Amino acid sequence: MKALDGVRILDFTHVQSGPTCTQLLAWFGADVIKVERPGVGDATRKQLVDVPGADSLYFTMLNHNKRSITLNTKTKEGKEVLERLVKSCDVLVENFAPGALDRMGFGWERIQELNPRMIMASVKGFGPGKYEDCKVYENVAQCAGGSASTTGFLDGPPVVTGAQIGDSGTGLHLALGIVAALFQREKSGRGQKVLAPMQDGVLNLCRVKLRDQQRLAAGPLKEYSQYGEGIPFGEATPRAGNDSGGGQPGRILKCKGWESDPNAYTYFITQAAAWEKVCDVIGEPEWKTKPGYATPPERLDKLNEIFERIEQWTMTKTKFEVMDICNPLDIPVGPILSMKEIMEDEGLQATGTIVKVDHPERGAYYTVGCPIKMSDSPVEVERSPLLGEHTEEILRDVLGYTEEELQAVAGSGAIGDLPRAAE
Ligand SMILES: CC(C)(COP(=O)(O)OP(=O)(O)OC[C@H]1O[C@@H](n2cnc3c(N)ncnc32)[C@H](O)[C@@H]1OP(=O)(O)O)[C@@H](O)C(=O)NCCC(=O)NCCS
């Protein structure tokens, strides 16, 4: 048994944000039916292709454990199929451009008419307001949500992060909203609209930066390196380089091999509680009591000197040796792991966070499994569906189409060519 057994999702999502959400729901046990345009499908199937003729990793890694039906929802017959799907599903998830679902004839009012228990969940770039009609992609959301202005170094331009906080981050937010709405429906008997705007999702993840914005009114932000360097603060939360956000000084420091390995670095935090151990490890025991070094406030204007000294030590060790030495002493450090190292990590493979999946067109590939572990709802990662692989199966088994009806809808062109057979 799985947590969302019995929940059926009409998955109208594409690209990354929506598919992240529905993939999680599938991993929790929901039956996710992905509706795609005949002959075309989710655009990511053919984006960043590495194996000619096969679905891309972009697509396969975001659409595990789903079924695919091809359906042209702009034809009369396609709309009829969609209506039956709406009546048979619990949740409709979509991340079309604003207004697309209304133009298709399936706005919120129509959905409620067809199925008052339906939860209609959407990702949009912006919430209601002056930008609500904009199409939005990852980096636009990172910029509009406050992440870019607070990421990077003080003397450089704003920087976007590799973590897909706009797309995947918003998909996560939406999944939580859907599960909460399903829970509420148990009592109310009604569906509801769930909206996760990407700007809001990014801002939620940048919460501490809005905290700092307001702290500026009370004076400079002392934990930012620029304070110790005597650089005045402006009106807005500045970029903080690799400073740690929690008030404990931290930096990324070179480790042995940095000259040739771009990831031979460690994160190193000089947490107040571990200061004496840091001094011993780096061979500066007198800093424990030396005036100007002994307490955190005294050290603020010496952080560059202190981290340069720590780096002299970390450069004599690999990032893993730094971890091995510092961890038992409760000095917080973290190796900068490359994607190659993460993919090959035996621990992550053992927990199912890195998973090898077989695919009939592309062969075996690695993916990220479910990052949320539940003791009573196990996850088996299954390959993504081929385009339209389950069209016939869904029409017959979910919607109860008779042979005659099936032939009629197939003949209308609404479901495209006859479904592809999986190997
Ligand atoms: C991501 C995004 C920018 C892509 O834009 P896009 O490629 O132009 O795609 P759209 O969502 O506008 O959909 C294009 C059209 O395909 C149509 N379409 C989609 N599936 C269909 C189907 N099965 N049958 C018929 N038509 C279909 C839509 O109805 C829409 O038609 P319309 O423009 O006439 O209304 C846009 O969808 C968006 O802003 N989404 C919300 C924010 C978001 O999720 N962004 C991050 C994506 S990771």
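Quick reminder: no glycine exception, Cβ is built from N, Cα and C everywhere.
These come from TrEMBL:
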ACT_SITE  D167  active site, nucleophile
BINDING   16-17, R37, 71-74, 95-97, R103, 135-138  CoA binding site
BINDING   G246, G247, Q248  substrate binding site
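Shown here: features listed in TrEMBL, placed on the structure.
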| residue | record | DSSP class |
| --- | --- | --- |
| Q16 | CoA binding site | coil |
| N72 | CoA binding site | coil |
| F96 | CoA binding site | coil |
| R103 | CoA binding site | helix |
| V136 | CoA binding site | coil |
| G246 | substrate binding site | coil |
* Where F96 (CoA binding site) and D167 (active site, nucleophile) are concerned, what is their Cα separation in Å, rounded? -> 13
* Quick one: give me the count of other CB atoms within 10 A of the CB of Q16 (CoA binding site). => 24
* Structure fact -> Rounded Cα distance, in Å, between Q248 (substrate binding site) and D167 (active site, nucleophile) is 30
* Asked: Do you know which of the binding-site residues N72, Q248 has the most other C-beta atoms within 10 angstroms of its C-beta?
  -> N72
* Among R37, R103, the most crowded of the binding-site residues [Cβ within 10 Å] -> R37
* Structure fact -> Spacing of the two Cα atoms, G247 (substrate binding site) and R103 (CoA binding site), in whole angstrom, works out to 50
* Write down the Cα-Cα distance for G246 (substrate binding site) and N72 (CoA binding site), rounded and given in Å. => 51
* Least Cβ-crowded entry, counting other Cβ within 10 Å, from the binding-site residues listed as G246, G247 -> G246
* Should we count any of the binding-site residues N72, F96, V136, Q248 as near ligand 1, judged by a CB under 6 A from one of its atoms, and which? -> N72, F96, V136
* Here the recorded positions are E138, D167; which one has the lowest number of other Cβ atoms no more than 10 Å from its Cβ? -> E138
* To do: Please state whether DSSP places D167 (active site, nucleophile) in a helix, a strand or coil.
  => helix
* Structure fact -> Quick note, the residue listed as 'active site, nucleophile' and G246 (substrate binding site): C-alpha atoms separated, nearest Å, by 25
* Asked: Applying the rule Cβ within 8 Å of the centroid of the Cβ atoms of G246, G247, Q248, what extra residues of the same chain belong around the substrate site?
  -> E223, S244, G245, P249, G250, I269, Q271
